[in-house]
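**Student:** Please find one structure pasted underneath; my questions will follow.
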């Protein structure tokens with residue numbers, strides 16, 4: 001679809017997506033409650049830190065880390081894999097394919113449109129983090145904010161493209177549900193969502209660093225809480241955006257090829 | 001406008017008998033069969049035509065529509081719609097067409113239909129003045145005034161279908177594919193939908209292809225029908241000619257002032273039904289005039305009409321013929 005058509009339609013798509021997110025407000029609250037894992041992990045790791053720091057993490061650092069993890073999760077999460085898989089199975093993807101706009105763009109705007117509502121949850125959490133941790137809860141400089149912002153956008157894109165890839169596999173496999181379950185487990189363990197990735201032993205850490213999961217969660221959290229100097233931060237960002245480009249290309253190719261297999265079941 | 005040559009769409013379907021043993025076996029070895037949903041059909045449709053796709057369940061009608069709309073990629077054959085290859089899903093193509101499926105919806109479930117209309121305006125890049133005019137026309141013709149601001153989930157099926165049709169026409173498609181558009185609707189709503197669809201075709205000159213199990217839809221809307229059976233084209237022509245071919249007999253419907261003897265009716269033609277105040281006779285076409293004359297002179301007739309056999313019966317007979325032909329062909333194919 002042409003960029004011009006897409007850009008012209010984008011504001012209306014976002015507005016209507018927001019209206020839908022508001023209509024599903026109960027679902028949104030349940031989703032927020034379901035993503036409170038960082039708060040549980042915070043309680044757990046704070047208890048551990050009471051007897052002594054874990055690496056560079058004392059109680060205050062854990063508060064800063066897990067509240068940042070909660071915020072990053074709210075702002076980067078995506079449900080496109082499940083939605084796409086469902087729509088492939090039900091055949092309702094057909095209704096999206098009939099429109100002269102990329103279904104992937106439509107999915108993206110639906111996810112993005114939910115962010116303003118999530119900010120209502122994120123803002124007080126950031127305020128609490130600032131109150132408990134102090135200035136270290138957020139980037140210290142404008143440049144730091146810039147790097148954090150870039151990592152947040154990168155994390156959103158990596159998560160979105162992984163979701164597209166997993167959802168699109170429904171066009172190739174009879175069910176990609178189990179793959180999604182495996183993905184979620186890997187995400188929880190390897191991304192820094194349940195504990196900082198630096199807690200992994202060095203050998204495992206090397207593997208974690210080349211997988212995409214850290215760039216979905218750990219990196220933005222680390223940059224929000226000032227864990228890296230500018231140089232190492234830029235290296236990590238380059239790796240993250242490498243994943244963005246790589247996954248973007250692969251997801252788009254798999255999607256395009258997969259459409260030839262779409263059976264448009266039902267009706 | 002539409003050209004289809006040797007269209008084939010085959011699916012690989014995983015087959016598995018019921019039971020635990022079969023389930024376990026399917027883990028290591030799966031058998032697939034090829035299902036020929038559409039098996040080599042060709043036809044042309046001129047701009048502005050209204051064509052009905054008819055066929056029993058699983059005949060390949062909807063598959064053909066989905067190929068024409070670019071949703072399915074053909075296994076073989078060439079398909080062109082207004083100069084476009086549908087499977088490429090070019091923007092210009094998608095802006096010219098719309099597929100309305102009675103069993104699928106594009107309306108946003110929790111928002112009022114007005115929001116879907118607005119979304120379609122943006123996506124199809126419809127200029128504001130044109131959108132306003134089209135919407136006013138649609139709202140007026142389909143009587144949507146009170147509906148478009150209610151959440152879609154609170155609308156009845158008929159109301160929803162009217163809004164669905166309006167949403168499909170916001171960008172004034174030049175080719176409209178309708179797959180069972182009146183399914184589940186009450187009779188009055190079916191009549192409204194048919195009248196609207198016909199008016200849209202006459203006003204805009206849009207090409208219209210319809211599949212429906214309601215023969216009244218086809219009779220009211222489609223001068224031409226294409227019959228597909230087991231993925232193959234078994235008839236392409238006018239509806240009248242199809243009726244003439246399958247059921248050349250006419251039906252004489254009689255209203256009677258008083259009950260009459262069955263033997264008297266049987267002397268006039270084959271009695272299809274007989275009740276105290278009415279009777280239906282089936283007679284050869286060339287005997288209609290004579291039968292009518294004799295009926296009027298010998299029976300206490302208060303009203304008389306001459307009709308074709310009901311379309312449902314015609315189609316049923318046509319499909320039975322096809323089934324019998326295939327069975328015969330299969331028998332001949334088996335070596336003695």
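Cβ coordinates come from backbone N, Cα and C, glycine included.
Unlike curated records, TrEMBL annotations are generated automatically.
For reference, TrEMBL lists these features for the protein:
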TRANSMEM  A:21-45  transmembrane segment
TRANSMEM  A:65-84  transmembrane segment
TRANSMEM  A:104-133  transmembrane segment
TRANSMEM  A:145-173  transmembrane segment
TRANSMEM  A:185-208  transmembrane segment
TRANSMEM  A:233-255  transmembrane segment
**Student:** Kindly say whether the transmembrane segment (A:233-255) and the transmembrane segment (A:145-173) touch, using the definition of 3 or more Cβ pairs under 8 Å where each pair is 6 or more positions apart.
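**Tutor:** Stretch pair touches.
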**Student:** Pairs 6 or more apart in sequence, C-beta under 8 angstroms, 3 or more of them: is that satisfied by the transmembrane segment (A:185-208) and the transmembrane segment (A:104-133)?
**Tutor:** no
**Student:** Most CB pairs under 8 Å with the transmembrane segment (A:104-133): which of A:21-45, A:65-84, A:145-173?
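**Tutor:** Top-ranked stretch among A:21-45, A:65-84, A:145-173: A:65-84.
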**Student:** Please give the sequence-distant neighbours of the transmembrane segment (A:65-84): residues at least 6 beyond its ends with Cβ less than 8 Å from one of its Cβ atoms.
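**Tutor:** Residues 31-32, 35-39, 41-42, 45, 57, 93, 107-108, 110-111, 115, 118-119, 121-122, 125-126, 128-129, 132-133, 137, 152, 155-156, 159-160, 162-164, 166-168, 170, 176, 180, 183, 192-193, 196, 216-217, 220-221, 224-225 contact the transmembrane segment (A:65-84) from elsewhere in the chain.
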